[in-house]
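Features as listed in TrEMBL:
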| type | residues | note |
| --- | --- | --- |
| TRANSMEM | 12-34 | transmembrane segment |
| TRANSMEM | 40-59 | transmembrane segment |
| TRANSMEM | 80-102 | transmembrane segment |
| TRANSMEM | 108-131 | transmembrane segment |
| TRANSMEM | 151-168 | transmembrane segment |
| TRANSMEM | 180-201 | transmembrane segment |
| TRANSMEM | 235-256 | transmembrane segment |
| TRANSMEM | 268-287 | transmembrane segment |
| TRANSMEM | 299-318 | transmembrane segment |
| TRANSMEM | 324-346 | transmembrane segment |
| TRANSMEM | 366-388 | transmembrane segment |
| TRANSMEM | 408-431 | transmembrane segment |
Amino acid sequence: MPPLPRHTSLGYAAGSVGTGAFGVLPGLVLAYYLTDSLGVAAWLAAIVVVIPKGIDVVINPLIGTRSDRDAATTGRRTRLMWIGTLAIVPLFVLTFCAPASVSPGLGALWVLILFSLTAVAYALFQVPYIALPADLTRDYDERTSLIADRIVVLALTILVVGAGAPAIRDALGGGVNGYAVMAAATAGLIGIGMASATFWAGRAAARRRLPGQSASGHSFRDGFAAFRNNRHYRILLSVFVIQALASAVMLAGAQYLATYVLQDKTALTPLFASLIAPALLVMPVWVRVGRRYGKRRGLTIAATLFMLAALSLAVAVVEPGAWVFASVAVCGVGYAGMQTFPLAMLPDVIDEQSGRTGRDQGGALAGLWTAAETFGLAIGPGLYLLVLAASGFVSSTGTETADQPQSAVVGITAGFALLPALLIAVSLAVLTRYDKQEQPS
């Protein structure tokens, strides 16, 4: 297979404009929108943010199998990607447009229905998108570079959307108008990014795809059989999901930390920039680490760095200050590696599984992967909200900010710092069992 053209790599990376924007904004502000704008109790908000992702756990493997069938019969995975791209834009906007006059219960129901539909549309794009690297290239190092390009775009998107979208909301005074304009601007970026990847990388994958492989026939059977029988896939998926859960917990807590610990609601923007900006600078370093020492060792280093920095943030409960941004920046360095290496290792495991079975199971494995990741990303905010509920957090409506008891401030900080660190420690323990032979340069 010839080397991957640069425009194809960039076309694939463009998809992360869509996945990054969708991944960051709900994770960053949806829980806060429910508790501090619609007045939804923290325990109910936890349910609302988890259920839509639970739906994805069921449908993502089905989407993966359909993607494999499309690839086998037409040579393309783009049909589902286009459907998801066109549907997600209006659904995303409507999620943040609950009428101001509704009760907290009806507001929660509004968000539940619209966000569930949005999550389905996202899955239609994301599942085949994740499977594309295995179609685009068979080269070990080229896959790392392909994913690294994607993560750079992802980090830049997360930085722009994570910092800029809440700033748009705040500039308009929050409330109904602020959230609606914020959602519309973000939805536009999501649509552009997804359409670009579908057009450029999706078409290229069809041309470069190896012939002669049949499609997998049973989504749940193939995906879960791989999880059960392929030890490397099982371990890698488990590590990635636990780390996604840790990142989601920290992301969900950022707005609460800014508002109630740092005592500055607008501190969310520099806090978020501190987490994401380092990824843009250190990505070439992680690529070199992966090539020299291997992807598994690189992932171990990145996760350890994230864990130690997260632990240090627990001190903020008694000594908040500007130093918090430095610790968060170190978390960002680790986060970049935690995003790069598992996604670069996944195509290697897909090849291993397809070689065993003689069938193209990239979509089925990617479907289970994204289902598990999606659920982990949803459980993160839900878990954080349960910590808030247990610590006595007081919800509010409109633009008011409720006074919080000290127990809630402790819960906000512990959920942001200690819980992610604990989860990363668990993921590192699981990662020690990954012994797939690698080919570092």
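The chain as shown is numbered from 1 upward.
Cβ atoms here come from the backbone N, Cα and C positions, even for glycine.
Unlike curated entries, TrEMBL annotations are predicted automatically.
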What stretch, picked from 40-59, 108-131, 151-168, 235-256, 408-431, has the most CB pairs under 8 A with the transmembrane segment (299-318)? 408-431
Before we move on, state whether the transmembrane segment (235-256) and the transmembrane segment (180-201) share at least 3 Cβ pairs under 8 Å, counting only pairs 6 or more apart in sequence. no
Interface present between the transmembrane segment (324-346) and the transmembrane segment (151-168) (three or more C-beta pairs under 8 A): yes
Stretch among 12-34, 268-287, 408-431 sharing the most Cβ pairs under 8 Å with the transmembrane segment (180-201): 12-34
For the transmembrane segment (12-34), which partner among 40-59, 80-102, 108-131, 324-346, 408-431 gives the most CB pairs under 8 Å? 108-131
Do at least three C-beta pairs under 8 angstroms join the transmembrane segment (40-59) to the transmembrane segment (108-131), pairs 6 or more apart in sequence? yes
Within the same chain, where does the transmembrane segment (80-102) have neighbours whose Cβ lies under 8 angstroms from its own Cβ atoms, ignoring anything closer than 6 residues to its ends? I mean 6 or more beyond. 18, 22, 26, 30, 33, 38, 63, 66-67, 70, 110-111, 114-115, 117-118, 120-129, 175-176, 179-180, 182-184, 186-188, 190-191, 194-195, 197-198, 202
